[in-house]
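> Quick one: the structure is below, questions incoming.
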Amino acid sequence: MIDIILPDGSVKQYKIGVTGQEIIQSLSISLFKKTIAVEINNELIDLYIPIINTATVKAITIDSVQGIEILRHDTAHILAQAVKKLFPDTQVVIGPVIKDGFYYDFARDKPFTNKDLEVIEQEMQDIIAKNDLIQREVWLRAKAIEFFKQQKEFYKVKLIEEIPESEEISIYRQGNFVDLCRGPHSPSTGYCTKYFKLTKVSGAYWRGNSKNEVLQRIYGTAWEKKSDLDSYLHRLSEAQKRDHRKLGRELELFHFQDEAQGMPFWHDKGWTIFKIIKNYISCQIQRAGYIEVNTPMVLSQKLWEKSGHWEKFRENMFTLDTNVAEKDHNLIKDSIETKCALALKPMNCPGHIQIFNYTIKSYRDLPLRMAEFGSCHRYEPSGALYGLMRVRSFVQDDAHIFCTEDQITDETIKFCHLLKQVYQDFGFPEVKIKFSDRPEKRAGTDKIWDKAEQALIHAIQTLGEEYTINRGEGAFYGPKLEFILTDAIGREWQCGTLQVDFVLPERLNASYISSEGSKKRPVILHRAILGSFERFIGILIEHYSGRLPIWLAPIQVAVVSITDEAVNYAKQLHQELIDNNIRSTLDISNQKINYKIRNFFTAKVPLIAILGKKESESGKIAIRTLGSQEQQVISSSELIAHIRKNKK
């Protein structure tokens, strides 16, 4: 007999070789009906795997986070099985679970169509209805390689060859379909939900490397309940309507083109938004005691080697071949294989330390809060680029706080206050905090880590904020906080960060004179609120569906005339608004008023000032607000006051 320890701490005895299925069934039939896998000693395994030693056992139900992930993993395998049946010449590659769904990569000459997805979905429903057993088998490496070679599944062969010799080769069989997989899975295909949807097809490089062949990736989502699926599809539909790439084109904010992949061309209205945000942040950090600096965009390879970025980040850096540059100053190479002396900065921190080191610092100078709207460049594979959300050139609202260990808590509290105010002003009142503690491989002593972790946690607790812990997810040089905001359709975006760093001050020889007169290393707090301006603007566009609040709108008021008699009054009002630093545009064309209103509302202009003969004679303004059919009659001074009241 063996002891089985249950989640409530109680211990029951079972025969050696008992399965998780038998244990859960003996405890509760209602629990068993919802269980699709078990957790044995903190490891997820299939329900029918024998247990031969004393173990802790926990049921994984279909309505749990882990259960939903297994359900989605099952659905990915069923997708692959359906594709193999319908399109036998297709090679199946990999099919992991992702946030809210799954995908499976396929190698196939002919592209999948939307009609194909419909046929595949029906075949998947048929597979679920058959309720075939899903069985795990362990094969010898040679047998697995030979089997998949015979099946002409050459990607599976490559995957098996990459599995370490110490690991077993696990295979899952359902019906006549066999796939390489670690598992776990449900007991049969009938456990899998019928509430799934294949959402799209896209290209994906094998292994994410642009030098490799392009595969076809079918994305899908799966949920326990129909209501959950419907809710997700509604959010997906809303997200498509709000897509910042589409709105960016329609509103003439920015565009991308092949000659500068991943680098936005900002149009006047988009650049206006950019400048508004920059000016706002600049004012906020000035009030919070930051100094604002600017550091070179191109820095020597030697500095990047000292900082450690060259070793760890080189593949993501754009480099400049100075030998070639002497002949052609415009030629910049991004090949990492070329020995280069200069690199475009991917981050601002080494430059900030150069400014810190330029003069001798005393403990009285700390904390020193140094900010920069630094223009950075990072190489991202072309397949990973995604509008403003994933770019190669970007501006960060970056800052570094040079402080002592004893100042970490106070500086964290001050930063959190600043961050929450900024998010509130931009329309994101809810902020989630994640705390990432020490990883297994790390720099610094346990004593330093203890102090830094306790300082961050004490700051969060002092603020009365809830937080979740990401065990072992801190950087090797220090613990960190991540700040996540939620948009209008419930999506979460990680934007803000605060990262404690013990390592960079040592590498770049940053020091200050302590109260005892000795040299000491400062702690650096890397922190950002928005992250990159580009990504944050993309988030704002989608959050507001392009209808930015008055203070952020590139055009705040459109002044339009109805009749020729009102043209001079319209010009006068337009100029008055401009003189009061209000972003106004003027339309005195002969187009019909409904056409003008429709055009400006399509352009998401918050306010339209409509002027006819009546308004011209009275000196009043008929105001229409975006999304409203009603008109309000006010004076120009009232309009100006209204807009100023909304200014942040």
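Quick reminder: no glycine exception, Cβ is built from N, Cα and C everywhere.
Under the heading domain 'TGS', Swiss-Prot lists 1-61, citing sequence analysis as support. Annotation source Swiss-Prot lists region 'Catalytic' at 243-549, citing sequence analysis. Taken from Swiss-Prot, the feature Zn(2+) binding site covers Cys349, His400, His526.
Could you give the neighbours, burial and distances for every feature on this list?
Same-chain residues at least 6 positions away in sequence with a Cβ under 8 Å from that of His400 (Zn(2+) binding site) are, in sequence order, Asn348, Cys349, His352, Ile353, Arg369, Met370, Ile524, Leu525, His526, Arg527.
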> Could you say whether, by DSSP, His526 (Zn(2+) binding site) belongs to a helix, a strand or a coil region?
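DSSP call for His526 (Zn(2+) binding site): strand.
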> Within the domain 'TGS' (1-61), count helix residues (DSSP H, G, I), strand residues (E, B) and coil residues, in that order.
14 helix, 28 strand, 19 coil
> Take the region 'Catalytic' (243-549) and average the pLDDT across it for me.
90
> Enter the number of other CB atoms within 10 angstroms of the CB of Cys349 (Zn(2+) binding site).
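For Cys349 (Zn(2+) binding site), the 10 Å Cβ neighbour count is 22.
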